[in-house]
There are 2 protein chains.
Amino acid sequence: MRELEEKIREYGTVLPGNVLKVDAFLNHQVDPQLMLHVGQEFAKLFADEGVTKIWTVESSGIAPAVMTGLAMNVPVIFARKHKSLTLNQNMYVADVYSYTKKTTNRISISKKYVSPDDKVLMIDDFLANGQAVEGMLEIADQAGVDVAGAGIVIEKSFQPGAKELRDRGIRLESLARIKSLKDNQIEFMPD
Amino acid sequence: MRELEEKIREYGTVLPGNVLKVDAFLNHQVDPQLMLHVGQEFAKLFADEGVTKIWTVESSGIAPAVMTGLAMNVPVIFARKHKSLTLNQNMYVADVYSYTKKTTNRISISKKYVSPDDKVLMIDDFLANGQAVEGMLEIADQAGVDVAGAGIVIEKSFQPGAKELRDRGIRLESLARIKSLKDNQIEFMPD
C-alpha cells in the first residue's frame, strides 16, 4: 500500500534490535485518515471471505481493526492482554510471548461474543514473530470458529512469523512488507 | 445521544459496585458504526474550539478517539499506560489511580508529538472519578498546551469526576449520562 510505505519512509525510524518505530502514525500517535484507508484496503482484500467479525489484540491493533470493521460493517473484538489471568470458564485464553518485551501475556476473549458461525479476520499493527496472531489462532481453535485470514499493517518479512503463518495455510495480507532494516535503512519487499 | 442510550439500555449490564458493563459494544467488542457516530457527535460539539489534536488513554478510549480524529481531521495520541515507568526526559508522564482496579498506572505521552500550539480534546470511554482525564490535564499543564475540553462516551454522573472537571472550568461533553445504577437499573440523567 503506497500511502503506508510513504508514511513509513517519512516517519519511521529504525532502532537497535531490528525495531521499526512508527509511533508517529500508528502506535502512539495515530493518523485516522491513514487508518481508514488501511481498513478499506483490508475490506477490499478480504471482501469475498464472508467475514463476520474482526479480532485484534489491544492496544495498537485497535485503530486499524476498528476501521476495518467500519469498512466491512462487522463488529470488532479486541482481546484483552493481562500479565496474569486466572482461567475463567467465560473466557477463551491463550498465552502470547513478546520477544520485544521478553514477557508472556495472557490474551482473552469473552465467549459471549463468539459464535460458532463466526468467520474471523485477525488484524494487527505488526507481524514479526507472529505470536499475537498465533494466540488468536489458538483461541479460534478453542472456539471452533473459521478463520478468514490475517491482515497486518506492517510485516517484518525477515522475521519468522509471516512464513510460519503462510506455511500453515493461513491467508496473510500485509499492507507493507519490510525486507530488511539493516544499517538503519528501511528496505521494502519488491512488489 | 439517543443511539448510544439505546445501546446501553439493550446491551449494558450492571455489576456490583456500580459497574456498568458495556463490553458488548464499547470496551471489548466494539461497534464501529456506533463509534463513528460518537466521533461525529464529538466533532460537532467541539467544532468551534480549534482542536488540533485528540488525546486518549489506551485501550478503551482508542476507538472513540480515532473516530473523533477522523471526523475532525486531526491526529490522535493514545497515552501509554504502564505499571511502572522510569521518568524519561522524552516523555510527559502522570500517575492515574484506578478505583476499579485499585492500582496506580503511569501514563505517558511522547514530547515529540506535542506542540506548544496544540489545542487538545481529550476523549475517553468512561468518566467516573475522572482520574484518566485528570492525568491528561496534568500532562497538558506540563506541556503548556491549551485544552478544548473532554468528550466522554459514558459519564457516571453520580460519581465525583464530572462535577470536579466542570468546577475546574473544563468543558465536558458526555454523550450518555448515567444518573444511577441502583437496584441494577440504568437510569439516565434527564435531558
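Glycine too: its Cβ is placed from the backbone N, Cα and C atoms.
The model shown is predicted, which means the values in this text are computed figures rather than measured ones.
These features come from TrEMBL:
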- B:LEU20, B:ASN27, B:LYS156: xanthine binding site (BINDING)
- B:ALA128, B:ASN129, B:GLY130, B:GLN131, B:ALA132: 5-phospho-alpha-D-ribose 1-diphosphate binding site (BINDING)
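Sequence features annotated in TrEMBL and their locations in the structure.
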residue: B:LEU20; record: xanthine binding site; CB count, 10 Å: 18
residue: B:ASN27; record: xanthine binding site; CB count, 10 Å: 20
residue: B:ALA128; record: 5-phospho-alpha-D-ribose 1-diphosphate binding site; CB count, 10 Å: 23
residue: B:ASN129; record: 5-phospho-alpha-D-ribose 1-diphosphate binding site; CB count, 10 Å: 18
residue: B:GLY130; record: 5-phospho-alpha-D-ribose 1-diphosphate binding site; CB count, 10 Å: 25
residue: B:GLN131; record: 5-phospho-alpha-D-ribose 1-diphosphate binding site; CB count, 10 Å: 21
residue: B:ALA132; record: 5-phospho-alpha-D-ribose 1-diphosphate binding site; CB count, 10 Å: 29
residue: B:LYS156; record: xanthine binding site; CB count, 10 Å: 24
Problem set entry | B:ASN129 (5-phospho-alpha-D-ribose 1-diphosphate binding site) versus binding-site residues B:LEU20, B:ASN27, B:LYS156 - nearest by Cα | B:LYS156
Problem set entry | Shortest C-alpha distance to B:LYS156 (xanthine binding site) - which of the binding-site residues B:ALA128, B:GLY130, B:GLN131, B:ALA132 | B:ALA128
Exercise. What other residues of this chain sit with their CB within 8 A of the center of the CB atoms of B:ALA128, B:ASN129, B:GLY130, B:GLN131, B:ALA132, the recorded 5-phospho-alpha-D-ribose 1-diphosphate site?
Worked result: B:VAL96, B:TYR99, B:PHE126, B:LEU127, B:VAL133, B:GLU134, B:GLN159, B:GLY161
For this session: Would you mind pulling the DSSP three-state label for B:ALA132 (5-phospho-alpha-D-ribose 1-diphosphate binding site)?
Result: helix
